[in-house]
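Feature annotations, courtesy of TrEMBL:
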type: ACT_SITE; residues: K157; note: active site, proton acceptor
type: BINDING; residues: F49, A106, R221, K248, Q250; note: NAD(+) binding site
type: BINDING; residues: K72, R221, N222; note: substrate binding site
type: DOMAIN; residues: 27-125; note: domain 'Glycerol-3-phosphate dehydrogenase NAD-dependent N-terminal'
type: DOMAIN; residues: 146-291; note: domain 'Glycerol-3-phosphate dehydrogenase NAD-dependent C-terminal'
Amino acid sequence: MSRFQSFLHSTLSSVFGLFYWPLIRVAVPDLVEAAKNADILIFVVPHQFIPNFCKQLLGKIKPNAIAISLIKGFDKAEGGGIDLISHIITRHLKIPCAVLMGANLANEVAEGNFCETTIGCTDKKYGKVLRDLFQANHFRVVVVEDADAVEVCGALKNIVACGAGFVDGLKLGDNTKAAVIRLGLMEMIRFVDVFYPGSKLSTFFESCGVADLITTCYGGRNRRVSEAFVTSGKTIEDLEKEMLNGQKLQGPPTAEEVNYMLKNKGLEDKFPLFTAIHKICTNQLKPKDLIDCIRNHPEHMDTFIMPSPKL
């Protein structure tokens with residue numbers, strides 16, 4: 001029995017025995033058994049697991065199945081770039097993969113509180129099917145074709161949330177936190193503009209963009225653990241184990257993956273906030289150094305190295 005199966009068996013001792021959300025039904029701990037007859041595959045696991053999951057599913061699913069990823073993160077690509085998770089799924093399984101991202105804190109969704117979300121799907125036919133699958137009275141769905149931008153927003157906002165957590169840990173107040181959020185949004189837009197040209201600025205005003213960024217910077221686990229990182233002096237790895245009951249942070253590994261790409265392309269100085277947050281997470285900078293970063297950010301200089309986004 002795999003560690004994943006063992007975890008499920010131990011937590012699904014009854015129909016309502018799920019560890020994180022006790023009122024949510026979950027069944028079938030065997031990945032292939034659960035997926036082999038599915039018309040729609042929904043991927044909701046830490047992004048580090050996806051390559052292995054795809055290997056297990058290869059040749060074991062319906063050839064006309066479609067996928068949708070709720071995963072917020074990247075994978076490193078050969079040559080110094082990054083891979084979007086939806087692209088990895090499509091490449092390995094040879095099926096189309098849409099994405100769902102939005103201001104959807106899991107505990108609030110599980111409790112049935114109202115929220116909005118964004119599905120990014122390049123095929124309008126599949127987009128309607130997926131919207132109808134997820135739409136509910138308390139869960140409203142907007143479908144856009146700008147799938148790559150939707151997915152990138154879902155990953156990058158976790159980096160910014162770490163910065164917001166550092167500000168909270170330093171007790172610098174809401175004005176400073178707002179500056180981190182604004183500058184983070186500017187770098188998110190610029191990142192999409194540089195690496196995924198052709199995306200639409202309007203996508204950032206869907207739930208996957210500004211709304212998810214604000215929600216995560218005030219309520220998400222990346223913010224919470226990053227605040228504790230400042231106040232406790234413990235490592236992020238130790239805090240993850242202590243505070244998250246087995247869940248994984250996405251902000252620090254995503255910051256590392258983005259920095260890997262920026263460093264290889266000589267663009268670290270064009271994304272100073274992302275770069276500083278990565279260096280704080282890896283103890284190359286102190287949390288208080290974040291203030292110098294935002295004070296001297298290109299957005300505040302007379303000569304801009306960060307022109308307004310053109311999207």
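Cβ coordinates are placed from backbone N, Cα and C, and glycine is handled just like the others.
In TrEMBL, annotation is done automatically, which means it is predicted and not curated.
Mapped onto this structure are the features recorded in TrEMBL.
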residue: F49; record: NAD(+) binding site; CB count, 10 Å: 13
residue: K72; record: substrate binding site; CB count, 10 Å: 25
residue: A106; record: NAD(+) binding site; CB count, 10 Å: 14
residue: K157; record: active site, proton acceptor; CB count, 10 Å: 32
residue: R221; record: NAD(+) binding site; CB count, 10 Å: 21
residue: N222; record: substrate binding site; CB count, 10 Å: 26
residue: K248; record: NAD(+) binding site; CB count, 10 Å: 15
residue: Q250; record: NAD(+) binding site; CB count, 10 Å: 26
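Among the binding-site residues F49, K72, A106, R221, K248, the ones whose Cα sits within 10 Å of the Cα of K157 (active site, proton acceptor) are K72. Annotated substrate site K72, R221, N222; additional same-chain residues within 8 Å of its Cβ mean position, judged by their own Cβ, are N158, A161, T216, G220, R223, L249, Q250, G251. Here the binding residues for NAD(+) are F49, A106, R221, K248, Q250. Their largest Cα to Cα distance works out to 20 Å. In the three-state DSSP reading, K72 (substrate binding site) counts as coil.
When the binding-site residues F49, A106, Q250 are screened for a Cα within 10 A of the Cα of N222 (substrate binding site), the ones that qualify are Q250. Cα of A106 (NAD(+) binding site) to Cα of K72 (substrate binding site): a span of 13 Å. Under DSSP, the residues of the domain 'Glycerol-3-phosphate dehydrogenase NAD-dependent C-terminal' (146-291) split into helix, strand and coil as follows: 115 helix, 0 strand, 31 coil. For the pair F49 (NAD(+) binding site) and K72 (substrate binding site), the Cα-Cα distance reads 12 Å.
Among the binding-site residues R221, K248, Q250, the ones whose Cα sits within 10 Å of the Cα of K72 (substrate binding site) are Q250, in sequence order. DSSP classifies A106 (NAD(+) binding site) as helix under the three-state reduction.
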